[in-house]
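Colleague: Submitted below is the structure of interest, expressed as structure tokens.
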Amino acid sequence: MSNIVKFPRASKPPAPEPVQPAAPAAAPAAPKAEGRGLVAGLVKFVWVATVLVWPVLKWVLAIITFFQFVRMLYHWNTPGVYAGWSFLAYFAALTAITYFVSIYKPKGL
């Protein structure tokens, strides 16, 4: 047996909707703060520059962070050497830049 598909019958096109008068023009937007556009443009520029060099920068930061980790392990019980804090700072920077490139996207791009 075959499956018979019934096509819809041709129907009359729907009646056009009545034309409504145009809405009044919206009030002009409030002026932007002078520094806001500058900061947004600067963040956008930094983001684009970081994204362009990210493949190389990621490797360099990862190698430096790994070196700081090994240095932290070597100087673990040495008084006066703050290698743990150095590693934490490098790791935080690597994490922050990874977030900045991967998740954050400036408005207007």
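In case you wondered, yes, glycine gets a Cβ from its N, Cα and C as well.
Pasting the feature list from Swiss-Prot:
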{"type": "REGION", "residues": "1-27", "note": "region 'Disordered'"}
{"type": "COMPBIAS", "residues": "11-21", "note": "compositional bias 'Pro residues'"}
{"type": "TRANSMEM", "residues": "47-67", "note": "transmembrane segment"}
{"type": "TRANSMEM", "residues": "81-101", "note": "transmembrane segment"}
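What's the neighbourhood like for each of these?
Modeller: Same-chain residues lying 6+ beyond the ends of the transmembrane segment (47-67) with a Cβ under 8 Å from its Cβ atoms: 87, 90-91, 93-94, 97-98, 100-101, 104-106, 109.
Residues 47, 50-51, 54, 57-58, 61-62, 64-65, 68-69, 71-72, 74-75 of the same chain sit 6 or more residues outside the transmembrane segment (81-101) yet have a Cβ under 8 Å from a Cβ within it.
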Colleague: Summarise the region 'Disordered' (1-27) as counts of helix, strand and coil residues per DSSP.
Modeller: 0 helix, 0 strand, 27 coil
